[in-house]
Structures are given as structure tokens and as C-alpha cells.
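This report refers to the structure that appears directly beneath it.
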Amino acid sequence: MMEGKEHKNLETFSLVWLDPGVNNSKENINVQQQFRACISHLETFDKVDKCERFIRSEPINSRIILVASERLSPDLIPRIHQLSQVFSIYIYGVDKRKINTWTNTYSKVKAVLTDVNVLVSQICSDHVRRSPTKSEDLFEFNIFNASTSDERSTTVLNGQFLHSQLLIDCLLQKEYKLDTKESAILREFQANYSPDQSIWWYTRESFLYRQLNKALRTQNIDALFAFRFFIRDIHEQLEHHRCSSPIHIYRGQLMSTVELERLKNSAGQLISMNSFLSTTNDRLSALEFLYSSAKSDGLERVLFEIDADPQLADVKPFVNITSLSYFPSESEVLLMLGSILRLVGIDHDDHGVSIIRSTLCSNSDQDLQRVFEYMKVEYGDQEINAQSFGIVLGQMGNLDGAGKYFRRLLKEMPPNHVDIAGCYHNLGDILDKKGDYESSLESYQKSLEIMLQTRQPNDPEIGTSLNSIAAVHAKTGNYIQAEESFKKAFEIWKQAYGEDNPKVAMCLSNLAGIYQVNEKNIEALDCLQKALSIRQHHLPADHPDMADTQNNIGILYWSLDKADAALEHYNLSLKIKQKCLPANHPDIAMTLSNMSLIYEQKGEFNQALLHLQSAANIDRQTLNPSHPHMRQVERLMQRVSSKLK
């Protein structure tokens with residue numbers, strides 16, 4: 001079951017109907033059913049203020065089709081016309097001439113109609129016309145910029161690029177409210193679906209195509225969990241039928257001005273597609289569809305030209321699906337979810353269309369490839385399994401989604417399932433990151449109890465469990481218990497892996513924290529330097545564990561009153577985190593707040609406040625208001641602000 005507003009709408013387009021009597025007559029209820037048969041997600045309002053609040057509350061990349069009555073439209077349209085969420089507007093009423101006198105200046109008003117039946121027919125025909133072209137669908141992507149000199153690109157985009165690729169890898173390993181028409185399609189799907197028909201079902205105009213792609217764009221956990229078999233089947237069909245020779249393909253797209261600017265500023269960089277990409281080998285057809293698309297304020301016409309060579313090693317599959325599609329008359333080439341394009345350049349034609357030239361890239365063409373491959377192994381324990389999806393969500397900072405995923409797995413797995421202990425452990429990791437240390441410790445201990453009953457005492461996974469339990473004890477001030485458990489984990493890992501291993505480095509880093517609390521700074525620095533040496537030998541330079549080590553060395557130097565050395569290591573940590581983690585990851589906030597303390601000590605209060613404000617912005621997106629770090633940042637902001645007065 002889906003929970004909360006964020007899961008309510010999985011459709012790309014939404015229909016909003018504003019009318020004083022929208023729910024007050026059988027005729028209007030019947031019209032609502034007709035609307036839902038065309039666009040499944042319908043919201044109705046009888047008051048302007050409520051309607052406006054809803055529209056403004058929707059994500060800025062929403063596609064809202066607004067239907068407004070003659071009586072209420074003059075109050076609403078001037079207030080919402082400029083919003084990017086509003087895609088098109090239809091007005092109906094008795095006095096068409098009067099309505100036209102004030103709507104001429106509003107470009108999103110597509111039609112003024114006096115007959116409700118004609119209104120329904122017009123909206124449905126417009127929607128059917130746009131569906132085959134897919135040019136008006138949302139175009140979601142992440143950009144990877146290999147240049148470390150471009151701080152914005154490495155800060156905002158690279159971590160999301162990397163983790164979107166990991167999510168797709170995890171998805172590939174192995175109840176919606178519908179109208180009558182869609183319910184019939186769903187029953188047919190349940191009765192007749194087979195894996196070798198996945199592309200046929202994907203291309204059919206139904207809830208499957210729309211809801212799958214929106215779930216991919218929004219990373220809707222419940223929906224992706226339900227769709228995972230379908231995604232895997234499409235991938236396997238694409239692999240089976242993959243093209244064998246290079247092709248030149250096209251994609252017409254309506255894109256927001258902001259998105260187009262991002263692409264213009266990213267020439268030469270890589271972009272990862274967050275959904276399956278439908279293209280054609282007919283350039284004229286792509287342009288005709290594009291020219292016929294209803295241009296709206298804030299949207300630009302864009303044509304992607306893509307050179308795709310299947311001979312590249314490790315390139316994601318693409319297929320001419322004419323013989324596999326529900327629409328065999330269309331010459332469609334489907335690119336796999338997560339396909340990576342390199343932007344070659346951008347031109348313009350005489351009709352104002354931006355032409356984006358690009359090439360399909362191999363996964364091995366990424367500058368973050370070594371990090372990506374290492375993290376795939378690390379998160380999936382060398383094999384992608386049921387837990388991997390939740391692990392990556394947690395690494396992305398989506399703690400609520402990850403927690404929900406692991407709880408769902410625990411409910412669905414039988415009590416003796418081999419992954420039960422791992423699920424409890426991973427749930428403990430999420431609760432730890434959320435600051436719920438009591439629940440985290442309980443979950444870790446359940447995991448440890450299961451492993452002690454089913455594994456050898458020196459099993460490395462028992463060392464992992466002990467290390468995590470120790471870390472929670474350290475955070476709650478139980479340092480004696482923490483040191484005892486860290487040392488047990490250290491001995492197990494040293495026996496299993498030898499002293500030169502990243503797991504051993506993790507334990508050394510954790511022990512350093514205990515030594516530091518006990519003011520054994522020489523022992524602490526020795527542990528951290530050994531940990532750094534091991535990690536430099538085994539890990540990519542941009543791995544998150546490298547960032548953690550640099551951050552911890554910074555903390556130690558700070559406690560030794562060596563502010564400049566501390567700031568140097570904090571900066572090294574921050575640069576790595578900004579490159580390999582999503583921009584709103586709580587670990588970035590942690591380092592920013594650490595840096596603020598140094599700037600405050602130096603008397604650079606403006607810098608201190610800027611770092612704290614950045615940390616607070618991240619914390620508000622990812623942490624509960626009662627989280628210890630969030631409360632600490634708020635206190636520091638108050639203290640620094642008082643020094644600026």
C-alpha cells in the first residue's frame with residue numbers, strides 16, 4: 001500500500017478542475033469519470049484559494065492541465081499562469097466572447113469552450129495526440145562533470161549521477177486507483193503477462209508506461225518495489241534483441257528553460273537517463289512531432305541527435321522495437337533505463353529548436369568508474385541482492401525510504417530466511433543515521449543474535465555487527481562498551497583479512513574516536529594515520545571512506561588546537577563528499593558544521609554562519625527536527641549570529 005501525499009500521483013499529467021459546483025451534480029460527477037478515463041489523476045476544487053494552494057504545492061516539474069469555470073477563472077489564472085507546474089489551461093462558460101477579451105494575453109490558455117462535452121473531447125484528444133510522441137513527457141537526467149574546477153557541477157550533480165546508476169543496477173536484479181478502462185487493462189495484464197511481452201506492455205498506452213516512468217523519476221520506493229520484475233524483464237528483452245550495428249537516432253522533447261540551460265552549460269559532460277528513453281530513426285518525424293507539440297511558457301523545443309554504437313564494451317542495450325511494440329507502425333528505438341549520453345554540442349535550427357548532439361557512452365567511459373565498481377561490490381557484497389536497493393537509498397541520504405524498504409523486506413521474508421540478519425543490520429544502519437540510537441542498537445543486537453546462532457564465532461559479518469554496536473555505544477557515551485566491541489571486531493577482521501584491509505581501517509578509525517575521548521591523542525592519531533594509509537592503498541581517491549578519514553583527522557587536529565591543519569583535512573573531506581555523495585547528504589552537513597567551528601574561532605563569523613546555514617539546509621531535507629546534529633547546528637547558528645550583532 002502507498003502512504004502519504006508523495007505517493008498519491010504516479011501519473012505524468014494531472015487534471016485540476018475548478019468549478020463552484022464541481023461535486024454537486026450527477027452531470028459533473030459523470031464528467032469527472034470521463035476526465036479520469038483520459039487522465040487518471042484528477043483533483044477537483046470549488047474554491048480558488050484551495051485550488052491555488054494545491055497547484056503551488058506540487059513539484060515544479062509537474063504537468064498540470066487546468067480546467068476552470070468562467071466564474072472562477074478570472075481570479076485564479078492571473079495568479080498561477082506563470083507557474084511552471086501549469087502546463088495548459090481550458091476555460092468553459094456561456095459567454096465565449098467575454099472570456100476571450102481577457103484571456104488573449106495568457107499563452108497557456110489553449111481553448112475557451114461553451115459545451116462541456118466538447119471540452120472533454122478536446123482535452124482527451126489533445127492528451128491522446130501528445131502520448132505517442134512522448135515529447136511532452138518529463139525529461140529527467142543527472143549530469144556528471146569530470147572537471148573538479150567546476151564546483152557547482154561536482155557539488156550538486158556528481159553524487160546523484162553515481163547513485164542513480166547504482167539504483168538502476170539494483171533494480172535489475174531480481175495498487176493503484178484506476179478507472180474502468182485501466183482496471184480492464186490491469187486484469188488483462190495479470191492474466192496474460194509474460195516476460196517476452198514486457199516491451200509490448202510498456203509501449204501500450206496505459207497506466208504501466210506512465211506510472212513506471214514517474215516512479216523512476218521520483219524514486220517512489222513502493223512503486224519501484226512493485227515494478228522491479230517489469231524493469232528486469234524489459235532489460236532482458238532489450239539485451240536479447242539489442243542492435244548489432246551503429247545507428248543515428250532522434251528524440252524530440254519539450255524541456256524547461258532551466259533544464260536546457262543546465263545542458264548548455266554541460267557540453268562535453270555525461271548525462272544519465274533516469275527512465276527508459278524512446279527515440280526514432282526518422283529525424284523528420286521527430287521534428288514534426290516537436291513542431292506540433294503545444295509550446296508553453298517556460299518550455300523549449302529540443303531535438304536530441306544521438307549516435308549509438310552497440311560495439312562499445314559495456315554499453316547499455318538499445319533496440320528497434322518495431323516488431324516488439326504495441327504500435328508496430330511506429331519506428332521506435334528504445335534505450336535502456338540509465339543509458340549514458342555524452343553531450344557533444346548544441347546548435348539551433350531556423351524554427352527555434354535547440355539541436356543537442358550526443359553519443360551513447362559505455363559505462364566504462366565514466367571518470368567515476370572505479371568508484372562506481374567498488375561501491376557496487378561494497379553495497380551488494382559482490383552480488384546484488386534484495387537488500388542492495390535499500391542500502392543504496394540509505395547511501396543517497398533517503399533514510400525514510402530505506403527504512404521503509406527494510407521493514408517491508410522483514411515483513412515479507414520467512415523467519416529463517418538467509419537475509420534476515422542482514423536486513424536487521426541494515427535497518428540498524430538507517431536508524432543510526434536518523435539519530436534513533438536506542439532502536440538502532442536493538443536492531444543491531446537482533447542481527448548479532450541471529451548470526452551467533454547460525455555462523456562461526458570468527459565470521460567477518462559478526463565483526464561487522466560488533467563494530468556497528470560499538471559505534472552506537474560511542475555515540476551514546478558508553479565508551480567502555482564501545483572500546484570492548486571495537487577491539488573484538490578488530491581481532492575478527494584482522495584474523496579474516498589481515499592487517500592491510502579496508503575493514504581493519506574502519507575499526508582503527510573508530511578506535512581512534514574512543515582514544516580521543518579518553519585524551520589518548522597520540523594513540524588516536526596513530527590509528528587514523530594507519531587507517532588512511534590502508535584506505536589509500538585499497539580505495540579510489542574519491543571514495544566516501546576516504547572523506548570520513550580526512551574528517552576524523554580534522555576533528556583530532558581541532559582537539560589539539562591545530563586549527564589550520566584541521567581546516568585543511570576538513571576541506572579535503574568536503575571535496576570528496578561533494579563529488580561522490582548527493583548534494584543533500586547528511587555527511588556533507590557534518591563536515592560543514594565542523595568547518596564552521598574553525599571559522600568561528602578565527603573570528604570569521606560570516607564564513608562560519610554561511611557554513612552553518614548550508615549544513616542546516618541539508619539537515620532540514622534529510623533529518624528529523626529532533627536529530628542531535630540538527631539541534632547542534634541550530635545552537636551554533638544562534639551563537640554565531642549573536643557575535644555578528
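Numbering starts at 1 and runs along the chain as it is shown here.
Any Cβ shown, glycine's included, is placed from N, Cα and C.
A Cβ distance under 8 Å defines the sequence-distant neighbours of the repeat 'TPR' (421-454), meaning residues of its chain 6+ beyond its ends; these are 387, 390-391, 394, 399, 402-403, 406-407, 409-410, 413, 461-462, 464-466, 468-469, 471-473, 475-476, 586, 623-624, 626-629. Here TrEMBL flags 421-454 (among others) as repeat 'TPR'.
The average pLDDT the prediction assigns to the repeat 'TPR' (589-622) is 94. Taken from TrEMBL, the feature repeat 'TPR' covers 589-622 (among others).
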**Prompt:** What counts of helix, strand and coil residues does DSSP assign across the repeat 'TPR' (421-454)?
**Reply:** 31 helix, 0 strand, 3 coil
**Prompt:** Counting by DSSP, what is the helix, strand and coil composition of the repeat 'TPR' (589-622)?
**Reply:** 31 helix, 0 strand, 3 coil
